[in-house]
Amino acid sequence: MYYYRYDNPEVSCCYKYLMFSYNIIFWLAGVAFIAAGFWAWSEKGILLDLTQVTRLRGFDPVWLVLLVGGVTFILGFAGCVGALRENICLLKFFSGIIGFIFFLELTAAVLAVVFQSQVRAWINEFFVTNIKAYRDDIDLQNLIDSLQRMNHCCGAQNPADWDKNVYFNCNETNRSREKCGVPFSCCVTDPADLVVNTQCGYDVRNKEEREQSNHIYNKGCIAALEDWLPGNLNTVAIVFVVISLLQMVGIYLARTLISDIEKLIFYFMLLLFDD
């Protein structure tokens, strides 16, 4: 029987340590994300009372940080150990998960283009839900404030969306000082102001709409996002391409190592049978 022999089969040290270096960065990033997530929870007292997690009505950004950190940590660990120990199972796990994540990203991008109206409605509903929970979580509050400040917008569709928040609504039963107001992040700011006026949005929705525009942004954040996207398509495309290339490099390194290891195993099996 004729057997094909590989000439001096060996696992490429170059690919092996490139794979290790590539993944050690992701592993350390995962550790940093997880540490930041638990630090944020400790600052909010959630680690002392984990039942608070179930009582949050809105989106807690810490969940996203922990999810990204956990996935990055696991993939980085699998890639590092798989490369150093030349473990085919870990390398296949790494390349398979990276490939699956890439497929999800591609699917999400296609669905967002095909079902634009549904995506817009979902984003609007998500934003309104988190407006209702604005005062429930400090991280969510900071996230919404940053979004409104950076995009010069207020609410999902318009400032009236803040009427859905129990602290800002205009109901007669509302005794909050923020009644009929909006968060300070909705306010039109003066670049000369050195101190942020956190009370600039008080009672502003009691004014006429024309007068409101002198004090707060009337454009909703959904419309602001739609205006921002066309002018920044190149930036979005570059980010997507860079992320995709990093994922493809990881898959290529893992598959190359798997191929080298399988060749080495096959070579030793032939030697064993020849003996």
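Numbering starts at 1 and runs along the chain as displayed.
Glycine residues also receive a Cβ, built from the backbone N, Cα and C atoms like all the rest.
TrEMBL entries are annotated by machine, without manual review.
As recorded in TrEMBL:
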- 20-41: transmembrane segment (TRANSMEM)
- 61-81: transmembrane segment (TRANSMEM)
- 93-115: transmembrane segment (TRANSMEM)
- Cys153-Cys186: disulfide bond (DISULFID)
- Cys154-Cys170: disulfide bond (DISULFID)
- 235-254: transmembrane segment (TRANSMEM)
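For the disulfide-bonded residues shown (Cys153, Cys154, Cys170, Cys186), fewest C-beta neighbours within 10 angstroms: Cys170.
Residues 15, 18-19, 22-23, 79, 82, 91-92, 94-95, 98-99, 101-102, 105, 109, 229 of the same chain lie 6+ residues outside the transmembrane segment (235-254) yet bring a C-beta within less than 8 angstroms of a C-beta in it.
Counting residues 6+ beyond its ends, the transmembrane segment (20-41) has Cβ neighbours under 8 Å at 47, 62, 65-66, 68-80, 83-84, 94, 139, 249-250, 253 in the same chain. With respect to their backbone Cα atoms, Cys154 (disulfide bond) and Cys186 (disulfide bond) stand 5 Å from each other.
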